[in-house]
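According to TrEMBL, the features are:
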type	residues	note
TRANSMEM	B:6-24	transmembrane segment
TRANSMEM	B:36-57	transmembrane segment
TRANSMEM	B:77-102	transmembrane segment
TRANSMEM	B:114-132	transmembrane segment
DOMAIN	B:134-419	domain 'NADH:quinone oxidoreductase/Mrp antiporter transmembrane'
TRANSMEM	B:138-158	transmembrane segment
TRANSMEM	B:212-235	transmembrane segment
TRANSMEM	B:276-298	transmembrane segment
TRANSMEM	B:305-326	transmembrane segment
TRANSMEM	B:332-355	transmembrane segment
TRANSMEM	B:367-391	transmembrane segment
TRANSMEM	B:411-431	transmembrane segment
TRANSMEM	B:459-475	transmembrane segment
Amino acid sequence: MNELELPPIDYAALAPILIMMGAAVVGVLVEAFVPRRLRHPVQLPLALLAVLAALTMVVLNADKRMITIGVIAIDGPTLFLQGAILVLSAVALLLVGERAIERGGAFVAQAAITADSPDDRRQAANSPGAGEVYPLVTFAVGGMLIFVSANDLLTMFIALEVFSLPLYLLCALARRRRLLSQEAAMKYFLLGAYASAFFLFGLALIYGFTGGLADRAAGVDFATIHAAVADSTQSPVLLFAGMALVAIGLLFKAAAAPFHVWTPDVYQGAPTPVTGFMAACTKVAAFGALLRVFHVAFEGARWDFTPVLGSVAVLTMLIGAVLAVTQTDIKRLLAYSSIANAGYLLVGVLAPGREGLSGTMFYLVAYGFAVLAAFAVVTLVRDADGEATHLSRWAGLGRRSPVYASVFTFILLAFAGIPLTSGFISKFAVFGPALEGGQVWLVIAGVLTSMVLAFPYLRVVVMMWLSEPGESTPTVTVPGALTSAALVIGVLATLVLGVAPGPLLELATNAADFVR
Amino acid sequence: MSDFPFLSVLTVAPLVGAVVVALLPRSRPTLAKQVAFGWSLLVLVLSVVMWLTWQVGGDRFQFRESYPWIPNWGVNFTFAADGIALVMLMLIAVLVPLVILASWHDAESSKRSVPVYFALLLVLECTMIGVFAAADVFLFYVFFEVMLVPMYFLIGSYGGHQRQYAAVKFFLYSLVGGLFMLAAMIGLWVLGGKTFDWVALSQVDISTGAERWLFLGFFVAFAIKAPFFPFHTWLPDAGGAAPAGAAALLVGVLDKVGTFGIIRYCLPLFPDAAQWFAPWALAIAVIGIIYAALLAVGQNDLKRLVSYTSIAHFGFIGVGIFAFTTQAGTGAVLYMVNHGLATGLLFLVVGMLVARRGSALVSDFGGAGKLVPVLAGVLFFAGLASLALPGTAPFVSEFLVLIGTFTVNKPVAVIATLGIILAAAYVLWMVQRTTQGTLNPALTEIDGMKRDLNLREKVVVAPLIALIVLLGFYPKPVTDVINPAVQATMEDVGRTDPAPSIDSVQEAGR
């Protein structure tokens, strides 16, 4: 019997993942051993430092193109997306760490207390928020880093679980409106579990498909799948079924229709910093995985999956845009907007070649910054009862606090795709390659839904600027340094990526090569 | 001096001014107004210098500058002006200071920041100059869309009755058009070899089917912007709700972007499609002339009335463009300038009248000429200019459009001529009901109606009146600049003017 041979391990290439996971474990220990009042001052710098260290390692790895321990692909898209996740999660951590807006932050002290009981009201009023959000976020980020670099379906599945479980928990930790928050977490968890099951079942079918060939070993790594798709002479039923089920698992995370139903509830119920984190980072992770699966593993079946995924994209854009029109809650509105944006991103995924890939990656970064800034503003508009998210409460906000209303208007204009914002450039970045690849109908659907989607954004602008402030218009809380920093970063990035997108586009284009 | 980067400086200068004005304290509104006015005068001086530097009979595009912007997509900051753009830039530079002067007290009634109003006007000037000066399709699109934002806030924040509705309608209509153009622009970029440079794109051959779709994408955007029937419904709302100064810029300049875009982009880039669609375009233009004129006759709101007259005038411009003769084309471009002057003046005067009365309804006036004779006289003059009375500038352009069209398409020219009669009806009837006849007793009780034009208002109207008369008698300086550009455009389309036949000459000789 041969001695078991260990695969070669490149620790430097894995360093970002290892750092984040290590920091999460340390975070758990801090939670266990450090006195309560010191936990927050220790946890936040720890998490931020870990993100910075991981980011440094990503930058140092910039020229690496390899597959290490057989299952982790370190290549251009991986590094670009890992960098994006880390930068965006750093901004999200600033929002998570904010303690100045509300006593104890946006998170509950003890999630187990019965909602709406006297105990609950007491803790909502004055106890410091739970510190475990930091290790949870750190774990989630670590999982996302694996997710975008996974080079076989099994690793991808494990990464999916690693970053999903902390997110389910984070959703339940809102300090106020606890029932909504718990409902959101429950929904997200149940539907997420189904999605994972779909993914797993699809994985099994794909394994069966690759195993049907006599001359090669079965496997679920992307090279094997790619080869099997390329020269298979057997019936493609297993392949199509497996591909569909895997896609469902991924599209669920990406919030694409018809797997989007959780999105508005979860976005509304989750603590707003967590919503921002999900909208920015989970999107990047989910689309990173979609890109890799469809550009590497199933590339040979492009003609088969394009009509199906294209229909999903059209449906997603349509549902997101049309339902956004009817929303009266700003968080739900942003949720539907995020669904519509998933549709635009899918257009980018379906655009063949390097341009499509780099355009999608650019879109992810640009959207992440804008959406984080949007949710940062949402955390600021509040009254005695917490955030005032109903749209009617935003009437006349422009008169009360012109600066934040201007910032939010700018972000909305970016979402609407007005030039000189990142939103316009990113739309161009996905529509251009899609049109070049002959997907005219997708581009037309994208343009038409953009028109519809402009209306809800404009309605908010009208609310803020053109309506007179009512009695119930809340004031905008002066943000703490952390939220201010997150807001400034988000807005500046949106502006800079709109005015001078050249460098990031260049970076994305250079990174747009998968290692196979 | 001709190496001076006129166009980029002209584009950036108002923006800098806007930032300066916006940063002035709210408590010093007069200072903000003075700075804004001074700044716009500076822009005017610079434009006049540019006009003088222009070489008549020189290259088609002059003052060309190009700086890289997004190299991955072949996008550049390319500015260049042909004769058509040059006259439009001059029109902007002349109108903006006058509008600022005319809007001196407009922002005060709205309880909103006065400096911001004037800053928005300057931002608008920046985007308007940019859109005419751009010679890169991407850059043009950027200005085309960004232009909406300051206008949206000017209407929505400082407008009158129903301003929210009007602002949103304006924004959505324009955005819808813009998104069609975006799709067409991406298509053009893909088919044109990934460049946005106007010169390069105008030499690309595109298959017939694709060319027609792309033409439609651009045309719809421009037809909404202009606006042509049946895309016109936003203009009466926006024009009716906007403050008078902003409305003057809206119909005087902003809407010209549509017709300018057709001349600069639709015709040269998609010449075959333009010819194929020409009958349809002529049809909606002619319908627009008659339909809008009829609606104008029936309006009881002065600002909406003026907006409808503009739609009718845009019909004339459309006829001039799609007749494909040099005369008609020159007439159309000249019309764009003259309409900016005449309708701009009409809007400003109407604004002065409305500000005094506190109502824009025709039925609230009557015999106002007895109280404010000078103002009524100016309104009468502006009305006559608007109906293209010989001796005023619009006559020259309307005449050129009609004779240029008559040589190639008699029915269209004949029907369009009916529009002149209707124009007389709506203008004269409006003047009669507001300033002539017996005095409406309600007017005497309003203090504002006892004040005739003050010095500031006289300074506003005098240059416009002078220009309208001057260009009515001596349009040569403008036509000299326009003509070569129009001829070049007609060559791009591949149409030559019909040579006068021997028969018709002999007939004429008898």
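Each Cβ is built from the backbone N, Cα and C atoms, and glycine gets one as well.
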Next item on the list: Count, for each of B:6-24, B:77-102, B:459-475, the Cβ pairs lying under 8 Å from the transmembrane segment (B:332-355), and report the range with the highest count.
Entry: B:77-102
Item checked: Outside the transmembrane segment (B:77-102), six or more residues from its ends: residues with CB under 8 Å to it -> 5, 7-8, 10-11, 14, 33, 36-37, 40-41, 43-44, 46-48, 50-51, 54, 60-69, 118, 121-122, 125, 128-129, 132-136, 139, 197-198, 244-246, 248-249, 252-253, 256, 260, 263-264, 333, 336-337, 340-341, 344, 348, 351-352, 456-457, 459-460, 463-464, 467, 478, 481-486, 488
Check: Given pairs 6 or more apart, does the transmembrane segment (B:367-391) have at least three Cβ pairs under 8 Å with the transmembrane segment (B:212-235)?
Finding: no
Check: Taking the transmembrane segment (B:36-57) as reference, which of B:6-24, B:411-431, B:459-475 has the most Cβ pairs under 8 angstroms?
Finding: B:6-24
Checklist line | Chain residues in Cβ proximity to the transmembrane segment (B:459-475) (below 8 Å; excluding those fewer than six residues from its ends, i.e. six or more beyond) | finding: 94, 98, 101-102, 334, 337-338, 341-342, 344-345, 348-349, 378, 381, 385, 390-396, 453
Item checked: Candidate ranges B:6-24, B:212-235, B:305-326 - greatest C-beta contact count to the transmembrane segment (B:114-132) (under 8 angstroms) -> B:6-24
Checklist line | Residues from the same chain, set at least six apart from the ends of the transmembrane segment (B:212-235), whose C-beta lies under 8 A from its own | finding: 144, 166, 169-170, 173-174, 176-178, 180-181, 183-185, 187-188, 191, 206, 250-251, 254-255, 257-259, 261-262, 265-266, 269-270, 273-274, 276-277, 281, 284-285, 287-288, 291-292, 307, 310-311, 314-315, 317-318
Margin query: Which residues of the chain, 6 or more past the ends of the transmembrane segment (B:6-24), have a CB below 8 A from one of its CBs?
Written below: 31-32, 35-36, 39-40, 42-43, 46-47, 49-50, 53, 63, 65, 77, 79-81, 89, 93, 96, 115-116, 118-120, 122-123, 125-126, 129-130, 133
